[in-house]
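Visitor: One structure coming up, written as structure tokens, with questions to follow.
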Amino acid sequence: MQSVKAFAPATVANVSCGFDILGFAIDAMGDVVEVQLKDGPGLRVISIEGDGGRLPYEVEKNTCTVAIQAMLDELGQEVGMNIMLKKGLPLGSGMGSSAASAVAALVAANHLLGEPFEKKNLLPFAIVAEKAACGAGHADNVAPSLLGGFVLIRDYHPLDVIKLHVPQGLHCTLLHPHFELKTSDSRSVLRDSVSLKHSTIQSGNVAGLIAGLFQEDFDLIGRSLRDVIAEPYRATLIPGFYEVKEAVKAAGALGMGISGSGPTLFTLSKGAEASESIIKAAQEVYDVIGLGVDAYHSAVNIRGAYVLE
Ligand SMILES: Nc1ncnc2c1ncn2[C@@H]1O[C@H](COP(=O)(O)OP(=O)(O)OP(=O)(O)O)[C@@H](O)[C@H]1O
Ligand SMILES: N[C@@H](CCO)C(=O)O
């Protein structure tokens with residue numbers, strides 16, 4: 001039977017100052033989804049590997065099938081498909097796990113149908129899936145996972161997505177402490193309103209980060225990794241947050257923030273050289289706290305999701 005496999009990378013959403021509007025993709029990890037045409041209409045999740053038996057097989061709950069169904073609804077087609085998912089990302093980690101599944105599924109299904117959509121036009125279907133997974137239709141994981149690179153979501157209504165410049169040598173280190181934080185829980189601690197003072201500080205940092213990317217000004221990028229809107233509330237959910245931040249900055253990170261809704265923390269650095277000392281410094285803090293941590297480091301992924309031949 002005819003089938004297509006696709007890969008979608010992990011992502012760092014928010015990038016400190018860009019709550020729900022900035023994200024980038026990383027090379028280190030991702031999900032693989034195989035989509036196969038089947039007789040008769042309807043979607044079916046056939047197998048899920050690497051999730052420890054925890055992900056839903058129901059088509060209205062799994063982000064793979066929610067995304068493909070949204071695409072088929074737009075096409076007005078009733079095509080039958082079997083879906084096989086290989087999770088390469090830990091759940092509830094803040095590395096865009098639900099997004100990578102949705103994006104890989106869409107890229108595979110679109111290819112199987114003869115590419116009725118341009119890649120960038122798959123984004124609204126991935127957002128529907130993100131909303132099903134965590135209650136919020138944010139695009140800062142799905143957009144970079146689909147398109148690769150550093151992405152700005154300038155507006156959601158209508159969707160206006162802009163790819164930003166990625167400086168040569170920009171390197172990311174991810175620190176994933178061994179516990180789960182659901183995006184829905186991590187969003188529930190946020191406040192509905194922001195003061196004028198904080199709005200000014202946050203806008204300055206978003207503008208600074210984007211200018212830093214285009215000017216390849218690593219110090220400016222580092223100075224702009226500041227979040228006064230989400231981080232103060234979410235940091236309370238992540239043991240050792242401020243101690244780790246101090247340690248990794250002393251070890252050579254340009255700055256550190258929460259990856260997406262956490263608990264994974266990300267740092268940016270100029271080149272890969274600092275990653276080893278950043279990881280060592282963070283591990284020393286987590287050892288004192290008594291929390292295990294997985295560490296990864298990676299260049300920014302430029303390609304985004306793609307079909308595996
Ligand atoms: N294919 C899927 N892959 C991952 N999670 C899925 C999938 N389908 C549904 N979900 C649901 O999405 C939730 C995981 O989403 P959550 O947003 O908490 O984690 P995450 O995507 O790793 O985090 P973040 O968005 O902060 O990076 C779980 O409740 C899970 O059941
Ligand atoms: N922007 C989203 C990303 C979730 O990964 C949030 O911070 O809730």
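Backbone N, Cα and C define each Cβ position, glycine as well.
Residues or ranges marked as ATP binding site in TrEMBL: Pro90, Leu91, Gly92, Ser93, Gly94, Met95, Gly96, Ser97, Ser98, Ala99, Ala100. Taken from TrEMBL, the feature domain 'GHMP kinase N-terminal' covers 64-149. Annotated domain 'GHMP kinase C-terminal' per TrEMBL: 210-287, in sequence order.
Any idea what these are sitting next to in the structure?
Guide: For Gly96 (ATP binding site), the same-chain residues lying six or more positions away in sequence with a CB closer than 8 A to its CB are Ala10, Thr11, Val12, Ala13, Gly23, Leu89, Asn141, Val142, Pro144, Ser145, Gly260.
In this model, the domain 'GHMP kinase N-terminal' (64-149) carries an average pLDDT of 96.
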Visitor: Neighbourhood of the ATP site (Pro90, Leu91, Gly92, Ser93, Gly94, Met95, Gly96, Ser97, Ser98, Ala99, Ala100): other residues with Cβ within 8 Å of the Cβ centroid, in order?
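Guide: Same chain, not in Pro90, Leu91, Gly92, Ser93, Gly94, Met95, Gly96, Ser97, Ser98, Ala99, Ala100, Cβ within 8 Å: Ala10, Leu89, Asn141, Gly260.
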Visitor: Quick one: of the binding-site residues Pro90, Gly92, Gly94, Gly96, flag those whose CB is under 6 Å from ligand 1, and say none if nothing qualifies.
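Guide: With ligand 1 as the reference and 6 Å as the Cβ limit, the list reads Gly92, Gly94, Gly96.
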Visitor: In the domain 'GHMP kinase N-terminal' (64-149), how many residues does DSSP put in helix, strand and coil?
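Guide: Summed over the domain 'GHMP kinase N-terminal' (64-149), the classes give 50 helix, 6 strand, 30 coil.
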Visitor: List the residues of the same chain that sit at least 6 positions away from Gly94 (ATP binding site) in sequence and have their Cβ under 8 Å from its Cβ, in sequence order, or write 'none'.
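Guide: Expected: Ala13, His176, Leu181, Thr183, Ser186, Ile258, Ser259, Gly260, Ser261, Gly262, Pro263, Thr264.
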